[in-house]
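Residues annotated as transmembrane segment in Swiss-Prot: 3-23, 55-75, 76-96, 116-136, 158-178, 190-210, 237-257, 261-281, 286-306, 340-360.
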Amino acid sequence: MRTVLIAGAFSLVVSLFGTPLYIRWLVRRGYGQFVRDDGPTSHHTKRGTPTMGGVVIILAALLAYGAAHLFTGALPTVSGLLVLLLMTGLGVVGFLDDFLKISNQRSLGLTAKAKLAGQGLVGIVFAVLALQFPAAGKDGTTPASTHISVLRDTPLDLAVFGAVGGTVLFVVWALIITSAVSNGVNLTDGLDGLATGATTMVLAAYVLICTFQSNQSCYSLTEVEARCYEVRDPRDLAVVAAAVMGACFGFLWWNASPAKIFMGDTGSLALGGALAGLAILSRTQILLVLLGGLFVLITLSVILQVGSFKLTGKRIFRMAPLQHHFELAGWGEVTIVIRFWIIAGLFVFLGLGVFYAEWVTGA
């Protein structure tokens, strides 16, 4: 537990005090946000605000993870490093997108195909590696399994299609999760502090979930219990979640309205990758849909808006994603953010309740 606390505290301090230094560096180089003319008029005042703040979040999390292990003498694990790899890899894709937007002074960076290709490449590397590195003394458990998981692995095993077929299907499944979550966080990042605060809540949930899994691990109990968790390295996954959570919390101080800096795609894709990696390796893939319910609602608003317009020529919302609909309805930005945070918090509490109830009841 000490490693978890150190990781969270260290990343918070680095992010809190490192962000203003990064802001000044960005301002000197003129790296400011480009705002579309067809967006909400209230956003025009945000033009020129420093962006690519995700760089601070990523660096703070990486430094905190390393420092926590250095201070406690604990060894990093493959599971923890894989989540950080996925987070950093998607962050690089987002950084390229942000940099092109700034350089070209337009709202489009990477093409949609290039962006998806980058996300896909990073996701494939993560998924393939996650099925490698069997642990000695843990029945050869790999960081990920080919089972579809809800609150833990279910009997639905993709390996039923053979070793090769199961691996291919798992990679596809992991890509779907990674792409959906990273793009969901990206769509949510439209108002000051919204995505940062919502993601912090989900990461806090994973600190609790992975810590609980560690205390009830099939590999640490002296007597194996029927409801133990066959998760590889759950304690280190909690360390990663704490490191990223602390980084987000420190960044939120500067990202809250009126934002002094935006995380950009660098941050939103990276945070989505961290959540996806934690869900896959902690065997809570479907639970993430509930924990990240706000991201799901916002993504659905875009899907419904696009689908309705293509089929009927009419829009369901005044503007999508959903937060912009309420902006055009006259809600203040801070009001929307706080209410959406409340919704995000309710989803997180509900998800944690379902997770704990499953363990208590054995259902």
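Placement of Cβ uses the backbone N, Cα and C atoms for every residue, glycine included.
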Highest-contact recorded stretch vs the transmembrane segment (190-210), from 55-75, 158-178, 237-257, 261-281, 340-360, CB pairs under 8 Å:
237-257
In contact by Cβ distance (the transmembrane segment (55-75), the transmembrane segment (237-257); 3 or more pairs under 8 Å)
yes
Same-chain residues at least 6 beyond the ends of the transmembrane segment (340-360) whose Cβ lies under 8 Å from its Cβ atoms
151-152, 191, 194, 197-198, 201-202, 204-205, 208-209, 212, 216, 227, 284, 287, 290-294, 297, 323
With the greatest number of Cβ pairs under 8 Å to the transmembrane segment (3-23), the stretch among 55-75, 158-178, 261-281 is 55-75
Tertiary contacts of the transmembrane segment (261-281), defined by C-beta under 8 angstroms and 6+ residue spacing from its ends, are 19, 22-23, 26, 33, 46, 49-55, 57-58, 61, 79, 82-84, 86-91, 93-95, 97-98, 109, 119, 122, 126, 130, 143-144, 174, 177-178, 180-186, 188-189, 195-196, 199, 202-203, 206, 210, 231-233, 237, 240-241, 244, 248, 251, 254-255, 287-288, 292
For the transmembrane segment (116-136), could you work out the same-chain residues 6 or more beyond its ends whose Cβ comes under 8 Å from its Cβ atoms?
78, 82, 85-86, 89-90, 92-93, 96, 110, 142-144, 146, 167, 170-171, 174-175, 178-179, 182, 232, 269, 273, 277, 280-281
